[in-house]
Amino acid sequence: MSINKKILRVEDLRVYFHTKKGDSKAVDGNHFTMYENETLAIVGESGCGKSVTAMSILGLVSEPGEIMPGSKIIYMGNVDKPEDGLNLATATDEQLRDVRGNEISMIFQEPMTSLNPVFTVGDQIIENITIHESVSKEEARKRAIDLLGQVGISRPESIIDNYPFQLSGGMCQRVMIAMALSCNPKLLIADEPTTALDVTIQAQILTLMNQLKEKFGTSIMLITHDLGVVAQVADHVNVMYAGKVVETAPVGELFKNPKHPYTVGLMHSMPSLATEGERLAVIKGTVPNPLYLPKGCHFADRCPHVMPICREKQPKATKIASRHRVWCFLYEQEEVVQEEIVEVEA
Amino acid sequence: MAKKDAVVLDTGEKIESIGPWAIAWRKFKANRVAMAGLVIFILIILSVIIVPMVMGISVSDYDTSIANQAPSAAHLLGTDNQGRDCLYRLFLGGRISIIVGLLAALLTVVLGCLVGGISGYYGGMTDNLLMRFSEIVYALPFTPMIIAVAATMVWVPQSQKMYTVALLIGLLSWPGLARLVRGQILTLREQEFMQACTALGLSDFSKIFKHLLPNVISLVIVNATLQMASAVLTEAGLSFLGMGVMPPTPSWGNLMNLARDARIFQYYPWQWMPAGLMCLLTVVSINLVGEGLRDAFDPKELQ
Amino acid sequence: MLRYTIKRLLTMIPVVLVISIMIFGVVKAMPGDEVTTYLGPGSRASEQTRMEVREKLGLDKSLPEQYVRWLGRVATGDLGTSVALRKPVSEIIGSYIWNTFYLNVLALIIALIFAIPVGIKQAVKKGSAFDNFWTVFSLLGISVPTFFFALVLIFYVALNFGLPLSGMRDTMLSSFGYQSAWQEFCDVAVHSILPVTVLAFGSFATFSRYVRNSMVEVINMDYVRTARAKGLKEKTVIYKHAFKNAQIPLVTLLGMYIPSLFSGAVILETVFVWPGIGKVLIDAVNQRDTSLIMACLVFSAILMILGNLLSDLCYSLVDPRVKVDG
């Protein structure tokens, strides 16, 4: 897997929402890398900045939010010089529009409200094709029908003329996926794509996404708060807490050997992973308000192993194993090989 | 109700527990435009009450020797064709116009709530009949109808005309509100707390008025405010046509009616223009308050 | 759709009947005597003549009988005769209605041309100086008494710039006949400037507020974000994806509005002495011209009900989620 090409590198991403009370730091110094053909899961509690991170990749953060200067979202998929990449944080509107829906596409949490109620699903898919490729309407329609078939919709040639309100939530999400894949994107961002759906439909959609990943060679960034979903489909996991990634590891490694106290806490609070008969563990306290982020480690207030240094400084990346890094002073102190983020990428 | 204390977290964050009225009031206060409207409206109310009182003249005073004088120190807004002080008549007229507006809005609200409430609560045949009836009233052409009905009511003494105007506006304005209230009650009726009321054996009266209507109250308050604004406008229009409040009782509408006399219109604008400006200012301020209230009660607009 | 429309039209009939009875009652309750109107003011006709006129106008019958006779005539297409103008009511309405329609349509078109883009831009830039300016502007539009605005315009504009103060045509020109169609057009156009301005200002205020509010509702919807995520231009996102949803309530309102284009703005037409339906009505009320009042009021009521029907139909046309069925 490590031989795969990188397609997206996020460095020091800061997204602040300028409110009357001050800057709300939804994402504060986030960093991670995505590889081709890989499903990367981003896990974390609600409000930890998962969705905002995803939105900022497509430049969809709207007022009063701002991607702060110095943030880097380097897209290295299908650009002229892959080595340099295109910094989406500073790209022009036109560059962004070329990427959106074409190179990187996105599906959202609420399939029913994410489709425009006054256009047929066909029109919405066809629109996505015709704005990025110069194809005739008929050809685009043929492709749309084909896509609807591929995402497991039966009778696609009649469903294509339906309005979203005539379809179920699961069907709508399939339509969203078909639309997202219509221009063979390099990267598909799925923001909690199954949260609003029934459990049985959830499994179907996840399986479908994995199949399509294999078929189209699309990388998937899956945003979720559900570790069960992560275990089911992800290759690699980023655990986010209060605006930044605190641990990153291949999925098997993470479940076997979680390092960050927050990751450990998450694992223990999950019913299926906790030992039977044992009470579910609870992470004490609440997520810090993004308006008042602490100076040191953001998790310090809730951490069972908190040390004085945790309140003073931000921890650096510590390598645990191949592609397994943790940002925590517990492991820095143990003097495990320590390196800069840049070296991690190399 | 005891005031609950605010909880202050050590991070400096404040968490308070407050009721829906307090939330609405806080949102309203934060809305500077709405607050400005409220202040203006209160000033207008106070001035129409106080100014005529302190000036110490009576409606029937006149002095033709000083007719049609331009504004001066003695008569800040000049005098009319019978030598009456225009400033006095302006504020007295404002009193009448606002009273008409208030009464009309009140009547609209009472009728609208009554019809809408009964209709929504009982449903079935009652609902059907009442809604048909409100459809009929709704279809009556508003201004022409009031004009026609006002023309039939010649037996009302001139000094009582203002009440007729308020009555007519109210009688023709309620269907819109009745529909809103009915719709709201239909949805509320299906909710669990109404079953709880039935289980407790409450009477229909107390169910409707104590448990349903309070849930509709924000809707009603907003509507009443906007209704009042439009009633003030309607009164002005009717009196302007000479079919509403009749002189010598002044109202903003019949003061503007003076402008239909070409000579007054062109040469003595102080006799009609201030009334129009005051009327405009009043309606703007009421509308600002109404919209501020609507935003304040809107649960979608949190903060 | 057709079945639904027919069904709605049929249910209109009893409503209109009840309304016409109510209106009939009101008209008959008006003080004053039609016979006097018929004979003209100051007529010294003998009691004998008065009786004859009474009989001729059918006023000697009981009220229910008079109503039934009125209804019977209306059913055959005869709206009666105006006693004051001595002309068939249908002819009067037929000639004045186009003056009203012309004024209203012109004002509506002008209002919409400005209101839609302004409302959309306000919603896009919610809270900006642009938004605040137009919010205040349209608030003035709904708060100002129309006749007061008209008077102020006449006072400051017409008197100073020599625009005609009232009427639809120049009296001299129209009585001696226009030299050319162009001259007639210019004459009417000049006379329309002020009334159209006043009407358009009011409609602009109503519609721009409507557009703004419904755009604000949809502009933060998930599907607008989806449209952006597709890589559409911001213009397409706003004007196609967002506005297509925001126009649903707008079209509904327009449907309601269209029939009222034929019913006159009483006060405005009075101020500008515009020869429209509203002016006809108020004159009829002042002269106790029974048949004319009846016809005007019932006509307005029917327009109102048609407006409701049309708005429901429009709703089902623009919103695919709404299906009307018989």
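These residue numbers are counts, starting from 1, taken along the chain as shown.
Cβ atoms here come from the backbone N, Cα and C positions, even for glycine.
Because TrEMBL annotations are produced automatically, they should be read as predictions rather than curated entries.
Per TrEMBL, the feature domain 'ABC transmembrane type-1' maps to C:97-311.
Here the transmembrane segment (C:9-27) has long-range neighbours at 67, 70-71, 290, 293-294, 297-298, 301-302, 305-306, 309, meaning same-chain residues at least 6 beyond its ends whose C-beta is under 8 angstroms from one of its own. Residues or ranges marked as transmembrane segment by TrEMBL: C:9-27 (among others).
What TrEMBL records for C:101-120 (among others) is transmembrane segment.
Annotation source TrEMBL lists transmembrane segment at C:132-159 (among others).
Taken from TrEMBL, the feature transmembrane segment applies to C:188-207 (among others). Cβ atoms under 8 Å from those of the transmembrane segment (C:188-207) belong to residues 102-104, 106-108, 110-112, 114-116, 118-119, 137-142, 144, 146, 149-150, 153-154, 157-158, 163-164, 167-170, 250, 253, 265, 268-269, 272, 274 of the same chain, restricted to positions at least 6 beyond its ends.
Residues annotated as transmembrane segment in TrEMBL: C:250-272 (among others).
Within its own chain, the transmembrane segment (C:292-311) has Cβ neighbours under 8 Å at 5, 8-9, 12, 15-16, 19-20, 23-24, 27, 70, 79-80, 82, 84-85, 89-90, 92-93, 252-260, 262-263, 277, 280-281, 284-285, counting only residues six or more beyond its boundaries. Annotated transmembrane segment per TrEMBL: C:292-311 (among others), in sequence order.
Within its own chain, the transmembrane segment (C:250-272) has Cβ neighbours under 8 Å at 97, 100-101, 104-105, 108, 146-147, 150-151, 154, 166-167, 194-195, 198-199, 207, 210-211, 214, 278-282, 299-300, 303-304, 306-308, 310-315, 317-318, counting only residues six or more beyond its boundaries.
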